[in-house]
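TrEMBL lists 11-38, 39-66, 67-94, 95-122, 123-150, 151-178, 196-223, 224-251, 252-279, 280-307, 308-335 with the feature domain 'C2H2-type'.
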Amino acid sequence: LLLHKCQKRPYACKVCRKSYTAAHSLKCHMRVHTGERPYSCKECCKSFSQSSHLTTHMITHTGAKMFSCRLCGKKFSQSHHLGSHMRTHSGEKPFSCEECGQTFSQRSHLTGHMTTHTGEKLFSCQFCGKGFSRSSHLTSHVMVHTGSRPFSCTECERSFRQSSNLTRHMKTHRGGGKSFHCSDCLKRLTQTKKRYFCKECEKSYTTARSLNHHMKIHTGKKSHPCTECDKSFSQSSDLTRHMRTHTGAKPFTCSVCGKGFSQGVNLTNHVRIHAGERPFSCKECSRSFNHSSHLTRHMIIHTGEKPFSCQLCGKRFSQRYALKRHIKTNEEKMFSCKISELQVKRAPK
C-alpha cells in the first residue's frame, strides 16, 4: 500500500494536468481531449476510446443483463449502471461541487457541472479546433464533419446524429396516425396527424418543436450566427450546412464513383444518375427528370410563365439564365455608351 502511495506519476497531461504512472495510460487519456475513438463495434456504428469500453458495450448486443436491482427488479448489463440506479431509490447524491455546494448522483454529472464555474473547454475538435466543456458535446459535434448518423429509424430510412432526435422522430410514427402499406415496396408507412398549426400561414406540423422552427421564418429571428462570416441562420441545421462552405467538408460520398458532397440531398440526387432513376414526371408530356427543380424548370414550357423579370426595363423571361444574359448585354451597352460620351466630351473643338 505504501508503494502505491509513493509511486511517481511522471506522465502528465498538458491539457488538464492529470498524471499517470505509464505512458500508455496517458495515451489512452489523451483520447478524451482529442475525441479519438479507434475501437469500433462491428454490430453498430458506435466507437470507443478504450478497448475495455468496447468490451463492455458488446454486452448490449448479447442482451445479457446479469446485475439486477433488489428493490424493483430492474436489470442492468453493467455493475456501475446498477450502482447509479440504486441512488434513484436512496436519493443519495455523494458528489458535491466545492464551488456552490450543488450535489449530484453521478460523478460525470459533477464533472460536467464544474465547467460552468471554470469556463474550461477541455475537449477540442480535431477537424476545426472548436472547444467543448463536455466530451458528449464533442462527440455530437464531430459527426457534423464525418457525416455519421448512427441512430436509424426502424420505420423509415431516416437517421440521426443523436438518440434524442431519433426518439423525437419516432413519435411521428406513433403519433396516433393511420398505418398502411405501400403497394409498390410493401413498406409499412404511417400517416400522422398534424396537430400544430401556424397562425401566419396554412402549414401544419406533427410536433411543437417543428412548428417553433417554422415560426422563425415569419419572425425573422436568426439565433445561429456563423463564426467565420457575418451570416446568421434561423435553424442550427442550416448553420451546420453553411459551415461546410468554410471547412470544405464533403461527408456524403457516392459508393459508386467516390464523388463527395457537402449535403445529403445532393448525394441522393447524384445517385439517381447512376441508377438511371427519374422519379419526377411531367403530367403534360412523357418526359421525366432525376431532380424536382429540373421538372419545375421544364413545366414553364407548358405554362408559358415568365417568372424572371429585369429590374431595369421590366422585360420578363421564362429561364433564369436568359435573364442573366439579358442583364449582361444591357450592362455592356451601357458601358460602351458611357465611353462614347467621354470621347465626345474630350474631342477637340
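Note: Cβ is positioned from N, Cα and C throughout, glycine not excepted.
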Counting only CB pairs under 8 A, let me know which of 224-251, 252-279, 280-307, 308-335 has the most with the domain 'C2H2-type' (123-150).
-> 224-251
How many helix, strand and coil residues does the domain 'C2H2-type' (95-122) contain under DSSP?
-> 12 helix, 4 strand, 12 coil
On average, residues of the domain 'C2H2-type' (151-178) score a pLDDT of 72
Three-state composition of the domain 'C2H2-type' (196-223), taking helix and strand from DSSP | 12 helix, 4 strand, 12 coil
Counting only residues at least 6 beyond its ends, the same-chain positions whose CB falls under 8 A of a CB in the domain 'C2H2-type' (308-335) are 297, 300-301
Where else in the chain does the domain 'C2H2-type' (39-66) make close Cβ contacts, counting only residues six or more beyond its ends and a cut-off under 8 Å?
-> 28, 31-32, 75-78, 148, 150
